[in-house]
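These notes are about the structure you will find just below.
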Amino acid sequence: MLNSLDLEGRPQDTRVVVAMSGGVDSSATAALLKAQGYDVVGITLQLYDHGEAIHRKGACCAGQDIHDARAVAERIGIPHYVLDYESRFRESVIDSFADSYASGETPVPCIECNRSVKFRDLLATARELGASALATGHYVSSRRLDDGSRALVCAADRDRDQSYFLFATTREQLQFLRFPLGDMTKPQTRELARQFGLSVADKHDSQDICFVPTGRYTDVVERLKPNAMEPGDIVDVDGRVLGQHPGIVHFTVGQRRGLGIASRSPLYVLRLDAAQRQVVVGPREALLMDRIVLRDINWIGDGSLDDVIGDGLELFVRVRSTRAPQPAWLRAANGGYEVELVVGEEGVSPGQACVFYDAAEGQARVLGGGFIKSAAPRRFEGGREQIEAPALAAARG
């Protein structure tokens, strides 16, 4: 008989490691599982020292979070451990974050953290502790399929859904992971924390990248990749120099404000050329992208991707975490994979993720995704970049 976590055995005979960040979500997760009778072990990861990250002395800014997690563990009566993962977090997340910005991309460090630190390293630690599952406070869910495997699905609360950040989760990891908050809303989670008497019930959510609490990610990049701060030219789509910039790291695709150049019509950042140290700008219509080339694909749908893709696979994709899934086609091309959007998306930036879903609404299943390598813009009047996805061009006649 399966317990509430879809695991064999009674809760009291089932050890579950909970990744405790010190926030209300993971704290409520730990308290809920403890109340259900599971053998819960809380683990908090010390991932970085903020002072070191920006090259100045100072205490770890995550100290309060560790204190809060420890206080919650004491309150609900579970063992709690703090593990030093700083070196692996720097290698897997911070260094790649700086490399990505220096190459003209806009990275999503939370995806890499989930993929390489939490769901690889911490999951391995949980197994070593004899756990049957690793539970987190993510707003996402999973369900058992007929063959015994598990599917990753969107949270019931779409405003809180974090599936975009978990697309790189593997099938093997999904078998071991559990997400108890997947069917709850944030207000329900806070109320649950109050019922358990947790001190973090009203703790504010973090709004910044965890290792950049000041919001100035350029401080981290400048420390690790000073070449990214070298000045260069701001040019239009025809290559005409319109002005200079202090470093491509200060810009992202779709940006309009802060360009430092005068123009009779609004200009937007279209792309960043790290090799030439150029910021390419143009009209808003040039931001519309139809075709996206992907790298590092992770497929967690049914079967193997090569077997199911055929001449093209119809699905829905999100190119930013804050955007709704849009209809698209996934195709094999040039030894890799491309996405053709039915309707163009603005500001598709290399380094961001393109996540696949089987539906646009409800608790859709996550089919996987990949990182955006490049994108081709929709045809627009003016400029040289009049490129159109071949399939869409044929459809339009």
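From the backbone N, Cα and C atoms, a Cβ is placed for every residue, glycine too.
CYS113 (active site, nucleophile) has a Cβ environment of 23 other Cβ atoms inside 10 Å. Look at Swiss-Prot and you will find CYS113 tagged as active site, nucleophile.
Summarising the annotation, Swiss-Prot assigns active site, cysteine persulfide intermediate to CYS210.
On its own chain, LEU45 (ATP binding site) has ALA19, VAL82, LEU83, TYR85, PHE89, VAL117, LYS118, LEU122 as residues at least 6 apart in sequence with a Cβ closer than 8 Å to its own Cβ. Residues or ranges marked as ATP binding site by Swiss-Prot: ALA19, MET20, SER21, GLY22, GLY23, VAL24, ASP25, SER26, LEU45, GLY137.
According to DSSP, CYS113 (active site, nucleophile) sits within a helical segment. Annotation source Swiss-Prot lists disulfide bond at CYS113-CYS210, citing sequence analysis.
Reduced to three states, the DSSP call for HIS138 (site 'Interaction with tRNA') is coil. Summarising the annotation, Swiss-Prot assigns site 'Interaction with tRNA' to HIS138 (among others).
DSSP gives GLN352 (site 'Interaction with tRNA') a coil state; it is part of no helix or strand. In the shown protein chains, 24 other C-beta atoms lie within 10 A of the C-beta of GLN352 (site 'Interaction with tRNA'). For GLN352 (among others), the entry in Swiss-Prot reads site 'Interaction with tRNA'.
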*Going along the chain, which residues six or more apart from SER21 (ATP binding site) have their CB under 8 A from its CB?*
THR44, ASP65, ALA69, GLY137
*Report the same-chain neighbours of HIS138 (site 'Interaction with tRNA'): residues 6+ apart in sequence with Cβ closer than 8 Å to its Cβ, ordered by sequence.*
ASP25, GLN162, PHE165, LEU166, PHE179, LEU181, GLY182
*How many whole Å apart are the CA atoms of CYS210 (active site, cysteine persulfide intermediate) and CYS113 (active site, nucleophile)?*
11
*Winner by Cβ contact number (other Cβ atoms within 10 Å) across the recorded positions ALA19, CYS210*: ALA19
_C-beta crowding around ASP25 (ATP binding site), within 10 angstroms_ = 25
*To the nearest whole angstrom, state the Cα distance for the pair GLY23 (ATP binding site) and CYS113 (active site, nucleophile).*
17
